[in-house]
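Feature list (source: TrEMBL):
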BINDING   A:11, A:12, A:13, A:14, A:15, A:16, A:17, A:18, A:19, A:20, A:21  ATP binding site
BINDING   A:190, A:200, A:203, A:206  Zn(2+) binding site
């Protein structure tokens, strides 16, 4: 490794985390990409994550099994809750209880074993302000907790949670990633993509993504199940 | 449930968490006990957890699979690191990276689904001061983070991490639990218990446990593989 700093990158396989991986790589980190099989409906995401990790030159890519569906409570893991086709107010039903907290905690464990002090996550306070665990104050509190939780923290080595997309619009994210060479056709954002990765075109995630490409002036090669309305 | 408040109790099957479950029950909570299969060597703990949950009248008991061994780095999950027979200074090799953070995060997810605002964990700053994630300042930071992470927190419903054992000696814990009717023969503390739950008698956990019974003046019915030295 000859001094290259290692980072753990939470990689969902979506547009945002693919951009985050490209940012971490361009910052010189050896990137250890971490995805979760958490019983999500849109399993095409995991295939996308593997493609993105390979394309972006991640040092390695691991998938951690996490059976959050056992608790239920979210449209993304509970087949009894419908994925909405309208923008919602308040906390969306697609919110998975404590998801980012759990994923960051597991990233923290891996970072500690890797002797990495840098974790990257693609949370965004602009488009997803309804999720409590995407806000800057939440990330700051997690970072403070993490620095008390770990061996590195006790030894005075400050751990940092990087959120390079926090204040960017979807269009800015698409523009930034395109500049860094991200191939967005490898990514899947849709909450209910089919097994081949084709997007529904009507869920919140699809609408935000499409709008992002339009506003960024970047051609959108996303494959849709049906022509978007 | 007719108004009974629900709590999530982290239940390892050891002496401490069995006492915590008894405390939460005696405080009137409906107790949802949560154990983890995290690749620990001492799997007899999980059998013990099931016995304790049944004996203490938990509302339910779930075992969450969590493959922390995939990352390595601890004597409790990594067969290449020996469990020490001497008291250590600093952070012990039996420390599992980010373990309490991960377990509390998953408890947080379940609490949110259960609409519970109370999580109990048997951490202790007296006997295990070498573990960074057993300290009061760590628990306070986790609680602050949790209240920013969740729907309940956003809605102003304060979530609390209860640590009733934090400042108690092992003898005080044994005395308290005995008074609450805990049957400690159901519990397993040993880091390397055999498949039937018999303790090694020589690891840190065994020594602390035995000393606790002696100092509390409570008969110790722990089954040992060999006569302790």
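Just so it is clear, glycine is given a Cβ too, placed from its N, Cα and C backbone atoms.
Since this is a predicted model, take the numbers as computed values, not measurements.
Sequence features, as recorded in TrEMBL, placed on the structure.
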| residue | record | Cβ within 10 Å |
| --- | --- | --- |
| A:11 | ATP binding site | 32 |
| A:13 | ATP binding site | 26 |
| A:15 | ATP binding site | 28 |
| A:17 | ATP binding site | 27 |
| A:19 | ATP binding site | 28 |
| A:21 | ATP binding site | 30 |
| A:190 | Zn(2+) binding site | 27 |
| A:200 | Zn(2+) binding site | 19 |
| A:203 | Zn(2+) binding site | 22 |
| A:206 | Zn(2+) binding site | 21 |
Cα separation, residue A:190 (Zn(2+) binding site) to residue A:21 (ATP binding site) (Å, whole number): 19
Cβ within 8 Å of the mean position of the Cβ atoms of A:11, A:12, A:13, A:14, A:15, A:16, A:17, A:18, A:19, A:20, A:21: remaining residues of the chain near ATP: A:49, A:52, A:122, A:187
